[in-house]
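**Q** Copying in the features that Swiss-Prot gives for the protein in this structure:
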- Cys58-Cys121: disulfide bond (DISULFID)
- Cys71-Cys109: disulfide bond (DISULFID)
- Cys127-Cys140: disulfide bond (DISULFID)
- Cys134-Cys149: disulfide bond (DISULFID)
- Cys151-Cys162: disulfide bond (DISULFID)
- Cys168-Cys177: disulfide bond (DISULFID)
- Cys173-Cys186: disulfide bond (DISULFID)
- Cys188-Cys201: disulfide bond (DISULFID)
- Cys207-Cys217: disulfide bond (DISULFID)
- Cys213-Cys226: disulfide bond (DISULFID)
- Cys254-Cys267: disulfide bond (DISULFID)
- Cys269-Cys281: disulfide bond (DISULFID)
- 123-163: domain 'EGF-like 2' (DOMAIN)
- 203-242: domain 'EGF-like 4' (DOMAIN)
- 283-328: domain 'EGF-like 6' (DOMAIN)
Amino acid sequence: MLPCASCLPGSLLLWALLLLLLGSASPQDSEEPDSYTECTDGYEWDPDSQHCRDVNECLTIPEACKGEMKCINHYGGYLCLPRSAAVINDLHGEGPPPPVPPAQHPNPCPPGYEPDDQDSCVDVDECAQALHDCRPSQDCHNLPGSYQCTCPDGYRKIGPECVDIDECRYRYCQHRCVNLPGSFRCQCEPGFQLGPNNRSCVDVNECDMGAPCEQRCFNSYGTFLCRCHQGYELHRDGFSCSDIDECSYSSYLCQYRCINEPGRFSCHCPQGYQLLATRLCQDIDECESGAHQCSEAQTCVNFHGGYRCVDTNRCVEPYIQVSENRCLCPASNPLCREQPSSIVHRYMTITSERSVPADVFQIQATSVYPGAYNAFQIRAGNSQGDFYIRQINNVSAMLVLARPVTGPREYVLDLEMVTMNSLMSYRASSVLRLTVFVGAYTF
């Protein structure tokens, strides 16, 4: 039983109170340590290991990450990452970092710095030590006493995330643009290639780069054209050339014969003709050029496509030769009374299929007698009626081709001029013996 406080003297009262306090103290209070331990944020004291250990906020904080984000614990904190993000732990096999010692001594340096061995404050590289809160899509840049989260080139920050910039919206490319994550690529249409700035397109000269043209190549903007030499035409494939058969287009290209050749054609003439102005055929006058084989006793007569050697003296009894082409029947010869007084030899040539009627030869009287009348007729050589005589006047007449004739062919026509004088009872005749050569062609 404790003594009554009012009955005790003052000194005894103080001792009694002291004993009462000491006697009521708990045995546990006497076992408390005389110091305490404090850990930094994200860590808690582990009494067993006597060190600070990491707090797994993903387990201790309800709904630490919202929405479709997943919680990733790390030393001293946690991260909220997309569920598709991959996390590589212990990349170098070094194991977890050593336990953080108790923060018994405060950091004497300003935020973002830490003391070194010489007690100097050095910058903390938050990026290298993973002490930043930059998103996986961001780049961490260390700064003196701090750090900065930036977006890579080709990205821009929208909210907390870096989003790809669609550069194609800004028409950086001249032709086509392909957007890429963080970048873009320009492409050109066929026939163009990227210029030095990788944005503009310049024309490709396909002709200098081995375009598949068989003959001629013409470069144009963005493409090329194949062309062929004269005498060729472009094939359906647009590259190769095929010969044009000009001879098959028309039968009038050449006067005689058309010969097709690669890329061209040529005209040929028959024997006895020569080419004139590349397409026409002209008769070769062998008599004038000396390209004949007539003897001195013969006369060379040219006709279309050839020549004929005739005897210089063509007079037959009772006629005698009085000049190169004229034969005379003497009046003193009784055999000449019923014959033409003279025969003159002439030669001419015409082409085949000549248009009719056609004037081919004119007969002219060489002598005119007063009161005489001249009549002209075909005496011989016109059995088929291919010719007829049209008298022009008293002294001349025209030999007319009545029907088209085809050569090679030869006519010998005796064209007779009969001279009559009724007052003097005079009648005489003379013959022009005309040899008509019909050429084998229409030229």
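Along the chain as shown, the residues are counted starting at 1.
Each Cβ is built from the backbone N, Cα and C atoms, and glycine gets one as well.
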**Q** Tell me the Cβ contacts of Cys213 (disulfide bond) under 8 Å, same chain only and six or more apart in sequence, or just say none.
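**A** Correct list: Cys207, Phe224, Cys226, Arg227, Phe239.
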**Q** Around Cys281 (disulfide bond), how many other C-beta atoms are within 10 angstroms of its C-beta?
**A** 23
**Q** Same chain, outside the domain 'EGF-like 4' (203-242) by at least 6, Cβ under 8 Å from its Cβ: which residues?
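**A** Sequence-remote neighbours of the domain 'EGF-like 4' (203-242) are 189-193, 262-265.
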**Q** For the C-alpha pair, I'd like the distance in angstrom between Cys121 (disulfide bond) and Cys109 (disulfide bond), rounded off.
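**A** If we compare the Cα positions of Cys121 (disulfide bond) and Cys109 (disulfide bond), the gap is 6 Å.
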**Q** Relative to the Cβ position of Cys254 (disulfide bond), how many further Cβ atoms are located within 10 Å?
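**A** Its Cβ has 21 other Cβ atoms within 10 Å.
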**Q** Could you measure between Cys151 (disulfide bond) and Cys140 (disulfide bond) for me? Cα positions, answer in whole angstrom.
**A** 9
**Q** Could you measure between Cys134 (disulfide bond) and Cys177 (disulfide bond) for me? Cα positions, answer in whole angstrom.
**A** 31
**Q** Around Cys186 (disulfide bond), which residues of its chain at least 6 apart sit with Cβ under 8 Å of its Cβ?
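**A** Listed in sequence order: Tyr172, Cys173, Gln174, His175, Arg176, Cys177, Val178, Leu194, Asn198, Arg199, Cys201.
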**Q** Could you check which of the disulfide-bonded residues Cys58, Cys127, Cys217, Cys269 is the closest Cα neighbour of Cys71 (disulfide bond)?
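**A** Closest candidate to Cys71 (disulfide bond), judged by Cα separation, is Cys58.
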**Q** Please report the distance from the Cα of Cys267 (disulfide bond) to the Cα of Cys281 (disulfide bond), rounded to the nearest angstrom.
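**A** With distance taken Cα to Cα, Cys281 (disulfide bond) is 9 Å from Cys267 (disulfide bond).
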**Q** Write down the Cα-Cα distance for Cys127 (disulfide bond) and Cys58 (disulfide bond), rounded and given in Å.
**A** 23
